[in-house]
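Read through the structure below, which is laid out as structure tokens, and then see the notes.
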Amino acid sequence: MANTSTVARGGGSSLSPARGRNTTKPPRKPGRMPAWVLPYALLIPGLLVIAGLLLYPLYQMVVMSFQNVGLRQIRGVPAESVGFENYQKLFESELFWTSLRNTVVFAAVTVALTLTLGTLVGLLLHKLGKKMSTFLIVGIMAAWATPQIATAIIWRWLFDAESGVINWGLNALPDWFSSLLFGRSDWTGEPWLNDAFTIYVVLIIAVVWASFPFIAVSVLAGLKSISQELYEAARVDGASAWRIFWRITFPLLKPVFAVLVVLSIIWDFKVFTQLFVLAGGTSNREAFNLSLFAYTQAFSAPPKMGMGAAIAVVLTLILLVITFFYVRQIVKTEDVR
Amino acid sequence: MTTFETPGRPSRHVKANRKLKQRKRLGKFGLNTAAVVVFVFAVFPVYWMVSTAFKSSEQIFTTDFIPFPTDPTLDHVKRVFTEGVAGHSIWRYMLNSAIVAVGTVLIGAVFSLLAATAVARFRFRGRTSFLVLLLIVQMVPGEALLIPLFMMVRRAGLYDHLFGLIVVNIAMTLPFAIWMLRTFVAAVPKELEEAAWIDGASRFATFWKVLFPLVAPGLVATSIFSFITAWNEFVFALTLIGDQASYTMPVALRYFVSQRSVDWGGIMAASTLMTIPVIIFFLLVQRRMVSGLVAGAVKG
């Protein structure tokens, strides 16, 4: 603590002064720092980390996106500015547009599926008896707690062409049913992870599997906060379950849903680890999303860090627009003031 | 029941009641069935990971369905422990992961507790801006910051050093940790601290003896969240560490995959090993994590 106060004397003075509003504090002893400095002093370590390791790299990323940063620049040669060249090249490359399309379509489908499944399971948890509900929560926590890297490996194994359970399961379906549904009945050796489209099918399943538990548990927390009397009144009036959901549950949980939707969009926009493992690294260009594309540009030989940064800037801009709604929602509901 | 009733033929009223009960039981049955289906969907992949780790190679590489290892073998587990991966023992990678996670937690806990106290206990100019800043930086994709952070870590001479990874992980977990912890600090009644002040305790003593013990459970919850994040982190570990001796578990796992084939038994054994601590910690703080993440929104 003594240490912090020295820091405060040095660094705190540069911050904008605030009036000491807190009158309940004991009178300060002579020689001590004034009371208003204390909160700023407490914030300094956190602020330094955020400024130095999040805001400064963010700024650097924007700067680098206008530069040519290759192997020589990484070794210390000053980078030269190339203006909008990186962006121009980027928007002209077909790979960017397929990556953008992959990112957006994947996020849209995954968010919709995750939220639907998560909400349904949340409602289910609410309706179940105590024992069953605990049983199910423990179960979905297994999916939720599994590290992303393990998630990716597991699903890669489940969808393995030769020994994967999924192909076995599809083969085990009655032939007429399988043909009716998919137009085929033999799945032996089906290579799910060679083609960009099927990679994304697997990715969607894997990400939905890993993320619906969070939605379910959050919805459950929201449901528990709704007064039971509202439901009783509705039931007495003879409202159907569907009507009860749309007229009572949904409106009351709207703030929760708003946050969950935005969080899911943000998470699904930047999926990297699972795709990296499922697509087998950076060789399948058809399967790139923006994160993987940026990574490949920056870290595959020859490194094009400037180009990678430009892609990252585009991704960040998209996310910041979405974040805006998130922040507005949080500020509205929570007393940030 | 009336006297006119013939035995075995219940009145209309009783009939309706029974129907309702039947429907209720059917509904309950439906709900429970749904719960079991969801349970299986959630648990099966994890179960498959663990069971593959204990299957013999023949049982792994078959097109048949083998629901559980009929002749469980410790071959893969033993191989992972004795041969290791990429020239190092698996414990080495576990240790590296643990160093990174614990380092992140310890430094992060101190920083976040200080900041959370400031935000929850004091009204000062810039407070709201700081809170909004926390929300915004949480959303900046770490993958996007990867390139500049890589350059910075290199320039600082921390490439290949676990400390570089720790620093980056602190930055990634800190905004959320502060955001989550501030609700715990705010929940401690201010009067307790004021009473201690009046009794003549110093500000530091008040903090240490009054506030800290009461916030400790929240600090544990936040720390476990940071621990899990750092323990699982893959992308930064992949790019900031090139030296095999410094790999963390997620990066080391990739080495079960060769150009030609995947050592499924080995990778599943190692993945299971890596998942165990996460599941344990998760069980401890699951409820608090949710309330932290959806903070406030639920209150509507």
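Cβ coordinates come from backbone N, Cα and C, glycine included.
Annotated region 'Disordered' per TrEMBL: A:1-30, in sequence order.
Taken from TrEMBL, the feature transmembrane segment covers A:35-59 (among others).
For A:100-326, the entry in TrEMBL reads domain 'ABC transmembrane type-1'.
Here the transmembrane segment (A:104-125) has Cβ contacts under 8 Å with residues 133, 136-137, 140, 200, 203-204, 207-208, 211-220, 222-223, 245, 249, 257, 260-261, 264-265, 268-269, 271, 289 of the same chain, all six or more residues outside its ends. Sequence annotations record features per position, and here TrEMBL assigns transmembrane segment to A:104-125 (among others).
The transmembrane segment annotation in TrEMBL covers A:137-158 (among others). For the transmembrane segment (A:137-158), the residues of the chain that approach it from at least six positions outside its boundaries are 121, 125, 164-166, 193, 202, 205-206, 209-214, 216-217, 273-274, 276-278, judged by C-beta separation under 8 angstroms.
Remote same-chain partners of the transmembrane segment (A:197-223), defined as residues 6 or more beyond its termini with a Cβ less than 8 Å from a stretch Cβ, comprise 102, 105-106, 109-110, 113-115, 117-119, 121-123, 125-126, 137, 140-141, 143-144, 146, 148, 151-152, 154-156, 159, 249, 252-253, 256, 260, 264, 267-268, 271, 274-275, 278-279, 284, 287. The transmembrane segment feature in TrEMBL is assigned to A:197-223 (among others).
Among the features that TrEMBL reports, transmembrane segment is placed at A:244-267 (among others). Under 8 Å from some Cβ of the transmembrane segment (A:244-267) lie the Cβ atoms of residues 107, 110-111, 114-115, 118-119, 123, 211, 215, 218-219, 221-223, 226, 230-231, 234-235, 319, 322-323, 325-326, 329-330, 332-333, all in the same chain and six or more residues away from its ends.
Residues or ranges marked as transmembrane segment by TrEMBL: A:305-327 (among others). For the transmembrane segment (A:305-327), the residues of the chain that approach it from at least six positions outside its boundaries are 58, 61-62, 64-70, 73-74, 79, 82, 86-87, 89-90, 96, 99-100, 103, 258-259, 262-263, 265-266, 269-270, 290-291, 293-299, judged by C-beta separation under 8 angstroms.
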